[in-house]
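Participant: Please see the structure below; I have some questions.
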Amino acid sequence: MYPVDLHAHTIASTHAYSTVSEYFQQAKKKGIKLFAITDHGPDMDDAPHEWHFSNLPVIPRMVDGVGILYGIEANIKNIKGEIDCTEKMSKKLDIVLAGFHDPVMGSLGMVDNTKALIATISSGLVQVITHPGNPKYPIDIKEVAKVAAEFNVALEMNNSSFIHSRVGSEKNCIEIAKAVLDAGGLIALGSDSHIASSLGNFERVLEVLAEIQFPQQKILNTSPRKVLDFLQAHGKKEITAFQHL
């Protein structure tokens with residue numbers, strides 16, 4: 001079990017089915033020390049209003065020894081790489097994930113998908129790119145991995161993509177992991193949990209990474225401190241409540 005999950009959705013995204021309290025309970029039960037709540041950005045049809053994200057600090061930082069990161073899974077909106085998380089919003093969040101989602105932007109083809117993703121990565125607003133292996137959005141994998149490493153942005157291996165979402169992602173994800181390794185970048189593990197019982201479930205992703213002998217030191221989730229140092233390298237403030245993690 002990895003002690004950190006960076007991608008989870010609550011009932012604030014109405015196609016997800018668990019509360020923040022239920023996530024804390026599952027995290028404690030599973031031995032997870034740190035998780036991020038990353039509900040969908042406001043351009044998604046059933047996403048929360050932007051006030052949801054600005055009000056996240058009402059949630060206690062620590063509950064029963066488990067820490068929470070205030071986050072968002074933003075939507076990439078166009079070829080310019082713009083996302084539905086403004087710079088003002090980003091400054092109030094601990095972590096910003098971003099990815100392609102059909103209801104907000106359909107595939108533009110490999111060349112323009114790649115341009116959009118590179119623009120998002122280089123914007124300075126995003127720390128993790130979610131499910132980049134989605135076969136609906138072909139990209140130049142090597143080029144994206146190169147730019148992601150340059151800007152210290154992690155590319156996600158999304159467990160949900162191997163189970164019930166984004167069917168056909170596995171081949172692309174293997175190539176992404178290899179490209180990240182060649183480029184000297186980082187992989188982030190995400191359960192993409194839409195129900196609390198899935199928190200920390202990386203089973204299928206880890207099977208794939210084991211097949212290619214992907215090194216642990218290039219996986220972001222191996223410790224809370226590694227994640228927190230990564231976020232501080234992106235200009236995020238130190239969280240005093242997590243000093244012991």
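For all residues, glycine too, the Cβ spot is worked out from N, Cα and C.
As listed in Swiss-Prot for this protein:
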BINDING   His7, His9, Glu73, Asp192  Zn(2+) 1 binding site
BINDING   His15, His40, His194  Zn(2+) 2 binding site
BINDING   Glu73, His101, His131  Zn(2+) 3 binding site
Participant: Out of His15, His40, His101, His131, the binding-site residues in the record, which is closest to Glu73 (Zn(2+) 1 binding site) when you go by Cα distance?
Facilitator: His40
Participant: Beyond the listed site residues His7, His9, Glu73, Asp192, identify every same-chain residue whose Cβ lies within 8 Å of the center of their Cβ atoms for the Zn(2+) 1 site.
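Facilitator: What remains near the Cβ centre is Ala8, Thr38, Asp39, His40, Leu97, Thr130, Ser160, Gly190, Ser191, Ser193, His194.
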Participant: What subset of the binding-site residues His9, His15, His40, Asp192, His194 lies within 10 angstroms of His131 (Zn(2+) 3 binding site), using C-alpha positions?
Facilitator: Asp192
Participant: Which of the three DSSP-derived classes (helix, strand, coil) applies to His40 (Zn(2+) 2 binding site)?
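Facilitator: Strand, per DSSP.
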Participant: Rank the binding-site residues Glu73, Asp192 by the number of other Cβ atoms within 10 Å of each Cβ and report the first-ranked residue.
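Facilitator: Per the Cβ count within 10 Å, the most buried is Glu73.
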Participant: Out of these binding-site residues, His7, His15, His40, His101, His194, which one has the fewest other C-beta atoms within 10 Å of its own C-beta?
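Facilitator: Taking His7, His15, His40, His101, His194 as the binding-site residues, the minimal 10 Å Cβ count falls on His15.
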Participant: Hey, of the binding-site residues listed (His9, His131), which one tops the CB count within 10 A?
Facilitator: His131
Participant: Taking just the CA atoms, what is the gap between His9 (Zn(2+) 1 binding site) and His194 (Zn(2+) 2 binding site) in Å?
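Facilitator: Pair distance, Cα basis, whole Å: 5 Å.
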Participant: In the same chain, which residues outside the set His15, His40, His194 have their CB within 8 A of the centroid of the CB atoms that define the Zn(2+) 2 site?
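Facilitator: Counting only non-site residues, the set is His9, Ser13, Thr14, Ala16, Asp39, Asp46.
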Participant: Sorry to bug you, but what's the C-alpha spacing from Asp192 (Zn(2+) 1 binding site) to His40 (Zn(2+) 2 binding site), rounded to the closest Å?
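Facilitator: Given the Cα positions, His40 (Zn(2+) 2 binding site) is 11 Å from Asp192 (Zn(2+) 1 binding site).
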Participant: Please identify, among the binding-site residues His15, His101, His194, the one with the smallest Cα-Cα distance to His7 (Zn(2+) 1 binding site).
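Facilitator: When the Cα distances are compared, His194 comes out closest.
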Participant: Using DSSP and collapsing to three states, where does Glu73 (Zn(2+) 1 binding site) fall: helix, strand or coil?
Facilitator: strand
Participant: Within 8 Å of the Cβ centre of Glu73, His101, His131, which other residues of the chain have their Cβ, at the recorded Zn(2+) 3 site?
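Facilitator: Residues close to the Zn(2+) 3 site, other than Glu73, His101, His131: His40, Asn75, Leu97, Ala98, Gly99, Phe100, Thr130, Asp192.
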